[in-house]
Amino acid sequence: MESETRVLRAAGGFGRARRLLAAASWLPCVALGLALGSEPLLTALPAHHCRPDPALLPPALRGLRGSALLDASVPRLGPARAPSPCLLLRYPESASRARPNGTRPCTRGWHYALPAAGLLRSPVTQWNLVCEDGWKVPLEQTSHLLGWLLGCVLLGAGCDWFGRRAVFVASLVLATGLGASEALAASFPALLALRLLHGGALAGFSLALYVARLELCDPPHRLVFSVAAGLFSVLGTLLLPGLALLAQDWRLLQGLSALVTGLLLLFWGFPSLFPESPCWLLATGQPARARKILWHFAEAGGVDPEHSSEEESSLAMATELDMLGAGSPQPQYHSVLELQQTCVAWRNGLILGFSSLICGGIRASFLRSLTPSEPAFYQPYFLGAGLEVVATVFLLLTGDRWGRRPVLLLGTLVVGLASLMLLAGTQYLPEWTMLSLSVLGLLASQAVSALSSLFAAEIFPTVIRGAGLGLVLGAGFLGQAAAPLAALQARSGFFLHHIVFTSFTILALLCVLLLPESRGRGLPVSLQDADRLCRSPLRGGRPDADHLPLLPSSARPAGRQWGQDG
């Protein structure tokens with residue numbers, strides 16, 4: 001690990017070339033925001049009621065038109081006297097003029113109040129996914145989230161076996177093709193399968209981009225470049241309703257999203273904008289490929305081998321690369337299953353996966369508390385995007401100042417307290433208090449979710465970082481998938497959902513205390529390096545040197561502060 005650190009420093013450290021590449025990796029996050037925000041648009045449920053069927057009315061009422069026909073055909077519900085969404089009035093068959101004596105299901109389809117979320121046509125309205133077929137909407141949402149889960153796990157492992165760039169490019173190609181295929185889906189089962197596969201491709205694209213960006217940065221800049229990418233994802237989320245208003249058809253909207261992904265492939269498909277991670281190449285014993293990329297970094301960063309110090313010279317870099325490749329002529333790949341052989345690394349990953357699962361699942365409970373009745377589409381959509389911006393800014397201000405573990409502990413504590421108070425005081429707390437607790441809990445859950453991803457990427461070793469981070473992110477999508485399933489059971493399902501995840505949050509508070517602090521540390525390379533990450537005291541300021549080493553004390557660079565290595 002010391003040799004690899006010297007190689008990266010000899011190539012210019014976190015110089016101009018690596019800074020520009022890391023900043024350029026923010027732009028594809030706009031496409032990710034478009035993809036993530038499309039799910040609530042496609043499944044938005046517009047106000048609807050049965051189309052009147054004059055053939056079912058008594059002969060004397062069949063000549064009615066407009067609102068009179070609607071009043072004679074559709075029952076009214078509640079104080080607002082809104083038309084029933086799923087029922088028609090039933091009249092006696094023998095009488096020529098009679099009062100209704102019951103209800104019956106819709107026979108001629110539904111009338112929808114459009115546009116819904118800016119769309120005049122959506123999968124819900126095209127295939128009438130309401131009433132008896134309303135269960136298909138949560139099924140589609142769950143299928144898409146499970147696609148993200150499978151993509152994180154499978155393509156995360158692919159990042160460790162085939163490289164970050166190979167998975168990134170392949171995922172972009174798949175996401176473009178599958179997104180275009182969604183726009184041409186001829187039936188709901190076809191759309192269901194395509195959404196599953198599309199979610200997996202987007203997960204691989206997102207994961208490979210995240211890991212490659214993190215490995216480009218040195219410790220002081222990892223938080224800024226990793227977390228700030230979320231702001232560009234929010235930008236894509238905020239742009240999507242505007243695109244929906246312009247497109248007005250879900251097929252055209254999906255086609256535009258696929259076009260944006262294809263445009264990314266034209267630019268980020270070239271190695272100059274998205275090179276293979278030199279950290280991964282060095283960790284897996286591929287110094288020849290790493291030499292070309294590091295040499296390009298050195299030249300682009302303005303490092304002059306003839307006038308630089310000995311450690312930064314090209315000769316020193318070549319010597320270090322030869323030493324790294326001397327003992328392993330063939331690349332050495334590792335599986336995430338090797339975590340079973342570690343003592344500490346598997347526990348750290350399990351705790352962060354548990355935190356990600358909780359925050360992904362409990363977010364739906366806070367949104368439900370914010371909008372207990374059927375809300376308009378834009379209120380929860382823009383509220384979630386705005387709180388994600390606030391959570392990102394909070395992490396940028398506190399993640400390096402306080403450390404990862406204290407901020408994660410604080411966020412988990414806030415999530416637990418907010419969910420407990422909402423659970424216990426639903427009937428006793430004033431409405432403004434309920435809204436404040438819901439907003440605070442939602443904000444904290446988003447911050448913990450983002451920090452868990454960064455934390456996991458920093459403590460998993462380079463040789464299995466893709467698979468390890470994929471498992472943590474996949475746990476978050478598994479938690480999110482619980483919300484559509486709970487929606488099938490309506491209010492009772494969400495109440496049980498809230499109780500389960502609140503209980504998990506209290507348990508997670510105790511587990512977070514066992515995590516090490518990763519702020520200011522170099523990224524671990526091997527499983528042995530990750531296993532040496534020990535728990536540091538929970539206090540302010542940067543951890544002292546005794547808690548930082550990823551190497552035995554005899555291998556530490558003398559006269560150098562740990563955590564400043566690139």
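Backbone N, Cα and C atoms are what each Cβ position is placed from, and that goes for glycine too.
Listed features, source TrEMBL:
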DOMAIN    59-520  domain 'Major facilitator superfamily (MFS) profile'
REGION    538-566  region 'Disordered'
TRANSMEM  167-186  transmembrane segment
TRANSMEM  192-211  transmembrane segment
TRANSMEM  223-246  transmembrane segment
TRANSMEM  349-366  transmembrane segment
TRANSMEM  378-397  transmembrane segment
TRANSMEM  409-429  transmembrane segment
TRANSMEM  435-457  transmembrane segment
TRANSMEM  469-488  transmembrane segment
TRANSMEM  494-515  transmembrane segment
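Long-range contacts of the transmembrane segment (435-457) within the same chain: residues 210-211, 214, 222-223, 226-227, 230, 349, 352-353, 355-356, 358-360, 362-363, 366-367, 369-370, 383-384, 387-388, 390-392, 394-395, 399, 404-405, 407-408, 411-412, 414-415, 418-419, 421-422, 429, 465, 468-469, 472-473, 476, 515, 518, each at least 6 residues beyond the stretch ends and with a Cβ under 8 Å from a Cβ of the stretch.
Stretch with the most C-beta contacts under 8 angstroms to the transmembrane segment (378-397), considering only 223-246, 409-429, 494-515: 223-246. In this chain, the transmembrane segment (223-246) does not touch the transmembrane segment (494-515); fewer than three CB pairs sit within less than 8 A of each other, excluding pairs fewer than 6 residues apart. When each of 167-186, 192-211, 223-246, 349-366, 409-429 is checked for Cβ pairs under 8 Å to the transmembrane segment (469-488), 349-366 comes out on top. Sequence-distant contacts of the transmembrane segment (349-366), counting only residues of its own chain at least 6 positions beyond either end whose CB sits under 8 Å from a CB of the stretch, comprise 339, 408, 412, 415, 418-419, 422, 438-439, 441-442, 445-446, 448-449, 452-453, 455-456, 459-460, 468, 471-473, 475-480, 482-483, 486, 494, 497-498, 500-502, 504-505, 507-508, 511-512, 514-515.
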